Every structure is written in C-alpha cells, then in structure tokens.
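A single structure is presented below for examination.
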Amino acid sequence: MKLKPIEVAEILQKEIANINCLSELEEVGQVITVGDGIAQIYGLANVKSGEVVEFKSGVKGLVLNLENDSVGVVIMGDDNQVQQGDNVKRTKEVLEVPVGKALLGRVVDALGNPIDGKGDIASKEYRHIEMKAPGIIERTSVSEPVQTGIKAIDSLIPIGRGQRELIIGDRQTGKTAIAVDTIINQKQAHSLTNESDKIYCIYVAIGQKRSSVAQIVKKLEDAGAMDYTLIVSATASEAAALQFIAPYSACSMGEYFRDNGMHALIIYDDLSKHAVAYRQISLLLRRPPGREAYPGDVFYLHSRLLERAAKMSEEKGSGSLTALPIIETQAGDVSAYIPTNVISITDGQIFLESELFYKGVRPAVNVGISVSRVGSAAQIKAMKQVAGSVKLELAQFRELESFSQFGSDLDPATKAQIDHGKRLVEILKQAQYNPFPVEEQIVSIYVGTKKYLNDVPLQKVKEFEDKMLTEIRLNKKDILESIKNEQCITEETEQKLKAFLENFVKEFVK
C-alpha cells in the first residue's frame, strides 16, 4: 500500500510531536586540582558562595572560596572519588537537611542521612542549614527552667529554656556525662501528656570516636531516652567539611521544634574540634591565618551558630531552643582563643576541674568560676528558697579550707564552718546516669543547708541521703507532691519536712 505524501507528512508531524526532547542548560566546570578534601574548580563563573555543586561521581561539594579564575570547594564525602579533569555542575541550591519528629530516635550524618541501619526517614520538610538568628522583637526573656537532674547545676548554675550555657573543662572531667544526664532527665517530662513540659533533645558529635558515639546511643537506648532524642554524628574519620557543617544541620533540626511552639535542647560536643575542622578547611583554602592559626572569622563561626538558640515570644509560638556547647581546654587554660570566644558568646559557663574530679568530687563543678547569667530568672521558687546561701557558704568553705592548711589551731566556729562545708560538698556529689527529680534535689539541699548533717559522720552522708530519700518516697510522698505542685516550700510543708528530718536524723545517728 502506497502512502500519499500528505499522509507521510502528517505521520512525521505526529511522531515529532510525541518526541520528548527537552534540552536542559547546565553550567559545568572542571576540577583543576584536588586533595585533602578540597577541590579547585575552573569554569563556574556564576556560582555563589555557599552553593552545592555536584561532581561526576555523584559526590557533593560546598563552595566556600570565590577567586578571580577559580572556585574553592570543600568535598562533602570521599575525595578519592574526585579526579583532576572531572566535570562539576552547579545545582543552584544551598544545603538543606530533613527536619521534623520523624528524626527522633535516629542517628544521622551531617547531611541528615540515616546511619543507624533502621531504614529511610519519612520526613516531608526540609530546611536550610544556615538560617538567620531570630531578631530582638521575636524573642522574649528566659523564664522557664531546663532541669538537668544534677543537684550542683540546678541549684547553683540554673539553666533556662532559650539559654546558651557553656560546659568547659579538660578532657575526661565529665563534660559529656553532664550533657547525657540532662537528656536522660527529660524522660520524666515526656511521660506526661502536656506538650509544653516536654523538651526534645539533639546531640551533635563533632570529631568524636565512633566507639564513644555508639556508647552514648546505647546508654540513651537503655535509659529509654532515644524516643525523644536525635543524634547527629560527624566522627573523626569523616571529612572535615562534614564536621564543619554538622552543628548547623543539627541546629536547623532543633529550630523546627522552636518555631512550632515546642522546646528543644541541643548539645554541641564539642566546639573545639569544630573550630579545628574549620581551621583545617581555611588553611587548605589558603585563607590568611590569625591567632593560633585560626582564620579571622572563627568568632563569627560560633556566634552565628549559638545566636540561633532563643526563647521565642508569644506571637511566635513561645517555643525555645536551648544550647549546651562543650569546649575542651588544655591544662585548665580558659584564656585560650576558642574558650574565651565561646565564653563571651554564651550566657554563662559550667567549669569542670580535673583536680576536683580526681579528688572524687563528681560532677567536678568549680562553683567559684561557674556562672549562669540568665538562668536564675528561670529557677523555681522552692529551689531559690533552699539554695540561696549555698554558693556563698561553699566559697567561704574553700577560702577557709585553703587557709586551714597552714595551721591546725582553729577556733570552734571556723572548725564548724569547715565541717559544714565538707558536708555540703558531699551532698552535692552525684553518680553518673542518676539524675534526680527537682523536688528530691530540693529536699537534699535543704538537709545540707539547714545543718541536719552536722551529727552525721562525713563518710556516711551519701548513705544518709539515699536512705532519707527512700523513706520520704515511701512514707512522706505528700511532701514531695506539695513541692512539685506548689513550686515553693509552704510553711505547712516545711513543718512536715522538719518533723520528718528531726526523727530521721535521730534514728540514723543511733
């Protein structure tokens, strides 16, 4: 059968119309040099700083340096997969990470990809990792407490929702232990139905050993705390670029809770290693070094991160993001570059001392140097009632203790004050992974400040406290309930507590 020319033309027109031949315009450059996690790229004239680019192998990179004839890119992954001469294309996107409640209970990398082998994360919402910090009008002052469950902190260095409180100390002094205890202590609030009491937790491991991160995950799972916790891990074996962006990614995940009227707590463990990763990147990009070879913008690196922690105003939903950055010092030197930077950015610091740690005072908090600049406004009235004098008494005790080393002839009043100070130090000691509810902390500190321990031998103070709290939980629950509900110690409650303690001390000393 012969086709007429007009029919052939119609068939061709139909076929041409069905061809899906959409041409896409891509901006492509070439890798000039690559090494140490950094690639120099030629040909991407319109690329922007902070933009994501994609290499031929599928590995992503982040543009950090814009030069006259080339672009400096940090490689977010294995740089062995990037070769000289490879093509690189623009994505015209900035870095985004998944956010939302679907991430809770999971361990993710710095880009939000799951690394715990529990399958994909069903998150529908994404956020940029670099977000502008809330302005002054959008914020309100800190007024609600974050209970850490640690007596020495909740009584003397209270933390409020929306605060930035630095945990600083030498290696192996219990910095991470304080952070993990704080996460575990939120379990009680999560057992309640009231959303405003709950605090969702995010732990960011920067430059840590993988074994340490695995240990923390195991501990949180055993304590039942992973249900409301998310872990972002950028371990020491990963690219410096991933260690550099991990805190920003985690902060965006925390901001989801803050901006939706919920409360979140984020722990950066630790920002010393974060600064080292950024120094490595900056030096490889040939940026001019400054003090201790850190780049000039290392202050801005941390300030733009920590300023994102805030307590939002009622119009913005009253949510909050509380930050607990951790800094590791060398031989107790808090006057080094990074420690002084972060101290000046944060609203206070908890200073841990190795000397106290080795003496068996744990948590090894140095009460004299530690301070909370805004937390006292968030402290509940009951805690203020009992802990008001503790800081002064401990400071006087430390002074008298160092003075008493020079002479043994002390008058009875000084001796009594030193004995009282020793018992206060003893009552503030606490085992790891054993956070206390705030009402039990108040009773313990009341016992210490009101000198009920004066007749108890020093080595038996811990035993006294354990037995006393067990007894009060079993037979005097109304005292604890009253403190918890009223948020203060009423006259009636105080009378009951005094009567109970007088009897208990007599029985115990027998």
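Each residue's number is its place along the chain shown, starting with 1.
Note: Cβ is positioned from N, Cα and C throughout, glycine not excepted.
Heads up, here are the entries from Swiss-Prot:
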- Gly169, Asp170, Arg171, Gln172, Thr173, Gly174, Lys175, Thr176: ATP binding site (BINDING)
- Ser370: site 'Required for activity' (SITE)
Among Arg171, Lys175, all listed as binding-site residues, which has the most CB atoms within 10 Å of its CB?
Lys175
Excluding Gly169, Asp170, Arg171, Gln172, Thr173, Gly174, Lys175, Thr176 themselves, which residues in that chain have a Cβ inside 8 Å of the centre of the Cβ atoms defining the ATP site?
Glu328, Leu352, Ser354, Phe357, Ala364
Return the single residue from the binding-site residues list (Gly169, Gly174) that has the minimum number of other CB atoms within 10 Å.
Gly174
Look up Ser370 (site 'Required for activity') in the DSSP assignment and report helix, strand or coil.
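Its secondary structure by DSSP: coil.
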Cβ atoms within 10 Å, counted per site: which of Thr173, Thr176 has the most, among these binding-site residues?
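The residue with the densest Cβ neighbourhood is Thr173.
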At 10 angstroms around each C-beta, which of the recorded positions Gln172, Ser370 has the fewest other C-beta atoms nearby?
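Among the recorded positions Gln172, Ser370, the sparsest Cβ neighbourhood within 10 Å belongs to Gln172.
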Cα-Cα separation of Thr173 (ATP binding site) and Ser370 (site 'Required for activity'), in Å?
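Taking the Cα atoms only, Thr173 (ATP binding site) lies 15 Å from Ser370 (site 'Required for activity').
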Please report the three-state DSSP label of Lys175 (ATP binding site).
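Note: Lys175 (ATP binding site) is helical by DSSP.
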Using Cα coordinates, what distance in whole Å links Lys175 (ATP binding site) and Ser370 (site 'Required for activity')?
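Taking the Cα atoms only, Lys175 (ATP binding site) lies 13 Å from Ser370 (site 'Required for activity').
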When you measure from the Cβ of Asp170 (ATP binding site), how many other Cβ atoms are you left with inside 10 Å?
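There are 18 such Cβ atoms around Asp170 (ATP binding site).
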Work through the binding-site residues one by one (Gly169, Arg171, Gln172, Gly174) and name whichever has its CA nearest to the CA of Ser370 (site 'Required for activity').
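That would be Gly169, the closest of Gly169, Arg171, Gln172, Gly174 to Ser370 (site 'Required for activity').
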